[in-house]
Amino acid sequence: MSLSLCIACSRKLKSISLTTVNEQVSNVSGVSSLFLRDNDSGFKHDFAPGPLCPTYMLSHLQMIVFGHHRWSLNGTLIDFRMDSRRLLSGGNLIIRNLDRNQDAGTYQCTAFNTQGAVLSRRASLKFAYLEFQTQMRSPVSVREGQGVVLLCGKPAYSGDLTFAWVFNEYTYFVQQDNRRFVSQETGNLYIAKVEPSDVGNYTCVVTNRVTREKVNSSPTPLVLRTDAMGEYEPKIEVHFPDTVPAAKGSIVTLECFALGNPVPQITWRRANGTPFPSKVKMKNSNVVLEIPSFQQEDAGGYDCLAENKMGKNVARGRLLFHAKPQWIQTMRDSALAINERLFWECKANGKPKPSYSWLKNGEVHIENGALSIAAVNLSDAGMYQCVAENKHGVIYFSAELVVLASPPDFSKNPLRALLKARAGSMVTMECKPQAYPQAISLWKKGNEPRQLCHLSNRLTLLPDGTLKISNVTKTDGGIFSCQAQNQFGTASTSGTLLVTTDPTKITLGPVDMEIIVGESIVLPCQITLDPALDVSFFWTFNGHVISKADKHYEHVGGPTSGDLMIRNIQLNHAGKYVCVVDTDVESLSTSAFLNVKGPPGPPDMVAVEEITDSTAQLSWTSGPNNGSPITSYIIQTKTPFTVGWQAVDTVPEVIDGNTLTATVVNLNAWVEYEFRVVARNAVGMGEPSPASLKTRTEDAVPDTAPANVGGGGGAKSELVITWESVPEELQNGDGFGYIIALRPLGEVTWTHAVTSTPGVSRFVYQNDSIPPFYPFSVKVGAYNTKGQGPFSPVTTVFSAEEEPSGVPGGVWARSVSASEIEVYWQCLVSTPERVLGYEVVYWEDDTKPETVGKVRVSGNQTTAYITGLKAYSQYFLTVSAFNTAGTGPLSPTINATSKKPPPEQAPLNVEWTLIGSKLIVHWDSVVAMEMESKVTGYQVRNRHKEVNSVTTIETTVEVVLPGSDDYVIQVWALSDGGPGTPTDPIGIHRLSKSCTQPFCLILP
């Protein structure tokens, strides 16, 4: 059976076009190895076949024009004309009937065309095989307790190997533990301490990882001598070398095993004492130390310590870090004009430090350093490669150098036919023909015979031929011409400059805003500009131009306005809005951020997980946060006794936005509850969740005592006890009622009474022996079918009392104003009944006592004000004492007449003068009418932070106004009937020095 191998060099070489190839070869690293299997039936490939044949890609460089390829093996070019087994197909190397002796080695492809040549990375082709010459092995004789090493003997091979040992029968492999170890470095079997059960035949099994082929050694008999071995200290038989090179990113495995009696224990440590990182693994009873992804910090000394009770032994070694080169600086394709300077430098890291060389068209050009050419010429054009190499690998990076030579050409970059510029700005006119080498530029305006740079100091000619005119004016307008010249020819181009005078300005732009979902806004973008300029507006949203087809957006405004209306704003409209204003001479923009927020959506799946007589465990799922993170949740309940939904106490007290469970506390027992959850964010409260299923709390003993226990009053020989009935939602169960306990003050024994009516709030205890107004200790409790609840605090309640029997004396009255009368009397000094206060009864018409009015005062007060009376009217009055039983006998009737009303006319012709802080106010006097009280004086009030008043009998007053704030003044007439009608408020403006009246004077 034969095998064909296809090795690809798919390199398409470039034409003069400067297609970048750096990225296409940046992954080309050092020599790669390809293993093929070799067995009895012939060679076989171990990778998937491609379209033509199994393919191994040495390089894959995407270029424009197909070129030619050549291949070398071990540095010698392959002559395809003389080799019938090897052929070239589209750059791919195909090898038929592979032969280990002829085809193994290092391959490299060179791709070239008329523009140049480049080398691929190198690849090594190897053949995996395994050959074991079997021969009889002598028995190994050991003593019990002694350590032993059974040698495997490596066969001739290529490719990675693995080792295992069979004990006696083939299916029984030696199990490794702290006493037995199979080294993957030597293949040997190590037994630290031989036991009688170890006697038997041992066969070494070697497996090639590539070919998966296995070979067995001849069996090695292990026999036991009659004498035993005593205890001895560890002897390390397997240990790593003094120095072990390790590649970056590789898996490093160190082995350490010792013979000894008792069986030694293996431990590892860093020579510098630092602990092992978590990635380090210990395997096979600590015999194997594995370091995955080896890095620079893993390098250094490592110690293996073997120890038993007879002693210890140490093996030491050092791991050395090495890495193949990796690019940190590369070059780019370059197109230079003839005589320009070229400088290319590439850098790579690696350990050891890589060396560099440069290839031109596949040939060595420079051995070291950077590539520098002071003045390129046409012969320098070609393909260049920078090669970085150390003993662990080699990498290539390619770039093309194109050398250009041509006369000036403006066809691709002429002057603009009409260039508009704003007066005072900087005008830049580029004279950049395609020319190699760079052309010399000369500028002229109109028919001026001289060059422009000699006409004005505001004109600047840059080395690249660009003309700049600073602080451009109207007179700078005209036709400008640029003439370019190099050694290969001459060319020219011209254009007209038009200067405008009015600058373009954004007079009103958008500002950052926070908008709630559903609102509509207009983002302004308004400008002023020179009429000679054309202007256009467009808006971008988050970097994308807003489409006019979007119904949420509408461009509104006139020719100088680019306002944007956003209707029915949604959450996805949040972001950055930019208004871009384009004119012929400049481009302006203004931006704003629109933050769209909405209250959270409703939570869902509210469920009662567990319920007791006072708590409920709830769970729910979150709804959308609508642009603002959910900050908290609120749980609400509804019962038959509440009006709508009410917030409740929870644990935790504040439910943060990441919590989806909570316990509702302080619930009432035996009440049917519904629950719902409301989410909150920075915008506000969201919609509530759907309500949970109705759930009733468990019943419990009443825990609420009746409140406001009191009483008193009633009929003779009665004790009236009152309280606030316990609401149904606090009764905690069925069979609710009250227990009333009472006893005379100072006694010990309680008298109890029970009422089973939940809504009752009054109980009357009758006993003929109860004296009037006698104190009793009283308390009221509650009960239901679960048991008796708490009693209210003990309070004192008096039995019914009798009305006062005394009559107040010395009753008289005086008129205070047109609406007030003050009444006086003498308090009762000695009366057997309790007096709580006095009651004044008054009426206007003695023939109609039903028009009576009453005023009560408490305690021993002996005066009372009667207000709200009619002016200049006669009133009849009487006084009596009262207590809880009622009022006593009335005093003899007296009468009093209220005063005439105050003048209705407000002061007229108010004038004021402000001199510094002194305010002088003057007004006309008020004359009372016949049925009005006479004027007794005037009052002037000024209001600032507080109200101040001045009373006078004159019609002029002086007021000092501190500070510099505004004041308001009003003027009243005073009389026995009270104050009259005030003037309208008059404003005194200190800062403006203005007055509000027809005549005023303000002096400094």
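Cβ coordinates come from backbone N, Cα and C, glycine included.
Counting residue by residue with DSSP, the domain 'Ig-like' (130-216) contains 3 helix, 39 strand, 45 coil. Sequence annotations record features per position, and here TrEMBL assigns domain 'Ig-like' to 130-216 (among others).
Among the features that TrEMBL reports, domain 'Ig-like' is placed at 234-315 (among others).
Note on the domain 'Ig-like' (325-402): mean pLDDT across this stretch is 90. Annotation comment: TrEMBL describes 325-402 (among others) as domain 'Ig-like'.
The domain 'Ig-like' annotation in TrEMBL covers 408-500 (among others).
The domain 'Ig-like' feature in TrEMBL is assigned to 503-589 (among others).
The domain 'Fibronectin type-III' feature in TrEMBL is assigned to 599-700 (among others).
The region 'Disordered' annotation in TrEMBL covers 688-713. Long-range Cβ contacts of the region 'Disordered' (688-713) within its own chain (Cβ-Cβ under 8 Å, at least 6 residues beyond either end) map to 602-604, 606-608, 611-614, 616, 618, 620, 623, 636, 638, 645, 667-678, 719-726, 730-734, 736, 738, 761, 778-793, 795, 797-801, 884-885.
Per TrEMBL, domain 'Fibronectin type-III' is recorded for 705-802 (among others).
TrEMBL lists 807-901 (among others) with the feature domain 'Fibronectin type-III'.
Taken from TrEMBL, the feature domain 'Fibronectin type-III' applies to 906-994 (among others).
Where the domain 'Ig-like' (234-315) meets the stretches 325-402, 408-500, 503-589, 807-901, 906-994, the count of C-beta pairs under 8 angstroms peaks at 325-402. For the domain 'Ig-like' (325-402), DSSP puts the residue distribution at 3 helix, 49 strand, 26 coil.
Only pairs six or more apart in sequence are counted, and the domain 'Ig-like' (325-402) with the domain 'Ig-like' (130-216) gives fewer than three Cβ pairs under 8 Å, not enough to call it a contact.
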